[in-house]
Structure formats: structure tokens, C-alpha cells
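Visitor: Have a look at this one.
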């Protein structure tokens, strides 16, 4: 097993062992406005959303952190089955290992084999040449391609990249040549307004903010080396702040017409927080930790790629709870569908409001919406 394959296994074990954070995702400072006289039937609330020419049963993306080793093929198989069973999107982890070693491709391809009709995202790093990115897409017959930005994680890795100068230029090349929609995503440190503007200028049409507050890859990499650096592990933009900055950037740069799409991820744990993210302007919510911990038993000692029926039951239970919480939030805001929720008043308060004030992002943009489309 080479160093990259070992790192993938280490990532899973450490993701199970470490708590989210240490930063909060910021959603405690977000409140949806209660509608005491709703005009909806809870049983008829429609969570389905169109996505990449297909229809999801709800706006959920299961973000995988695994792949690149035959030992975790079964994990991806079970995640794919979970996504297929529930009609939600799913993404693989970085395909760099399989692009170098074709013997590892089955650990990714299983995502499509087990989910032939679903929405599946491929995943590459920002140094990947266009022809290799096309290989990654074809490997999965992918509906979209994630390009992950992870400079903090790279600097935390002893074997990580140190030269980021070519990332922007290569992303522009991928935008031009990728045959499927391109999603640029952070992996736990968030997207700022400035970065969002640069991505839009490069032609990117979908941004996944990947904010701080969830799985902490800096902490994971440091633990692999037997280190702990609290200041480094606290680096990044909380997810709610990153989402607000990115949504505001899109709205101010593209006030009408065909707008770029925003995905919210980074420490979102349930349907309650997902509803807040959707109300703030996310089109989809990405979650990695909760489904993975359900499948694998929730602790490093219980780590077993093949898992058991109890793990599958726990992951399905989490999905069911997510769905119900989202339905409750829609009903209590008077929303019969997800698009309605994006037009309801949403209050950004506390430390999040302070952050946005300092950054020149008007919280009133969300608070004073009329509720009308």
C-alpha cells in the first residue's frame, strides 16, 4: 500500500475519532421566521429538486471522503446504495490515486455500478490536467466534476503540495474543456467573497463553500503526524459566514438571469441546519460525516469497511430524520417546496451578523425578504 492509499485509511479512522470543529459552523446564529398561519399541507410538502438534468428527492449530497484503496471499496458501495435508495446525490473522494493506478478504479467505479440512475460527482484536485479530469468523469459516467481546493490541508501534510500558483489557470482550463458541470469546492476552510469573485471570473458556475465547523482535515493530517496545533486547526471561515459571503457575491454580481449555483457543506449535521442553509441561498447541502459515521459504527474502534446491517440501519435512520426535519422547517415557514424557503425571511444574528457587518454583507438582504418569488 503506497502513502496515498494509507492516507485515505488514516482519514477515515481520524474522521471517526475526531469531533467536528473546533470552530462552530455558524448556524446557531441563523434563525428562520415562524409562520403561525401557514397555508400548506405538511403531507404534501415537496422536497424534490432538479439537479443536473435529473431530479433528487431532496436537496442532499452525500460527500464521500474515501476512495483510492481497495480496502474501502465496500464503504463506497454502501454509500452509493444509500444514495440510490433515497434518491440523493453522492460524490467520491479524490480520484488522483485511480488516475495513477488503474487497479484502484473499482473503488470509485462502484459508486456508479450501485447507483446507475443517480447523480454521481467525480472528484479531482486543481492541478489535474484536462485530459485526466475527463478520465475521472468517464470512470464514473459522472454527472458533474468536483475540483477540491485544500491549501490548508496540503500545508498540514508532510507530503502535501506547496505550490498553488497554477490552480487558477488550470481551473479555467477545466471550465473550458469539462463535458459536465464543474463544481469547485473547499474542504473545510471555506470560500470568501474574494475567492468567489475570482471563481466566477474564471467561469465557474457552481461553488461548494466547504466551510469550517465540520470534518477538520488539518487536524486529521496533524494527528497522522502525532501533532496538535490549535491555531492551525482553528483556521478557516465558518460555513454560515462563507455561505453568506458566496451567496451575496453571486447575487450582487449576477442579480438576474442564469445565476451560479451554491452548495453548502461543512459541519451541517441535520435537516434543521440544512433548512437554514437552503433558506440562505444554497441549492444543495453536502454532508459527509454523519452518513459515514452511521455506516461505520461511529468510532475508530468499530471501523469496518464491510460494516453490518446495524450500520446501514443507522445511516438510513439519519437520512429519514434529515428528511423529516426538512419537511417540518418548510411547513413552519409556510413553504410547500424548497424554492419557497429561499424566499422566506431568514435572520442572521450574533457573531455571524458581526462578521457580515465587518465584511460589508447586508444581513437585511435575508431578513427583509417578502416571501414572494
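Note: Cβ is positioned from N, Cα and C throughout, glycine not excepted.
The substrate binding site annotation in TrEMBL covers 7, 8, 153. The FMN binding site annotation in TrEMBL covers 64, 65, 66, 94, 123, 185, 215, 267, 268, 269, 288, 289. Feature annotation from TrEMBL assigns Mg(2+) binding site to 154. For 164-343, the entry in TrEMBL reads domain 'FMN-dependent dehydrogenase'.
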Visitor: If you draw a 10 Å sphere around the Cβ of residue 153 (substrate binding site), how many other Cβ atoms fall inside it, taking every protein chain shown into account?
Guide: 22
Visitor: Where residue 123 (FMN binding site) and residue 153 (substrate binding site) are concerned, what is their Cα separation in Å, rounded?
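Guide: A Cα-Cα distance of 16 Å.
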Visitor: Rounded to a whole number, how many Å is the Cα of residue 154 (Mg(2+) binding site) away from the Cα of residue 64 (FMN binding site)?
Guide: 18
Visitor: Near residue 153 (substrate binding site), which of the binding-site residues 64, 268, 288 can be found within 10 Å, Cα to Cα?
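Guide: The binding-site residues close to residue 153 (substrate binding site) (Cα within 10 Å) - there are none.
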Visitor: Hey, does DSSP put residue 153 (substrate binding site) in a helix, a strand, or just coil?
Guide: helix
Visitor: State the mean pLDDT for the domain 'FMN-dependent dehydrogenase' (164-343).
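Guide: For the domain 'FMN-dependent dehydrogenase' (164-343), the model's average pLDDT rounds to 93.
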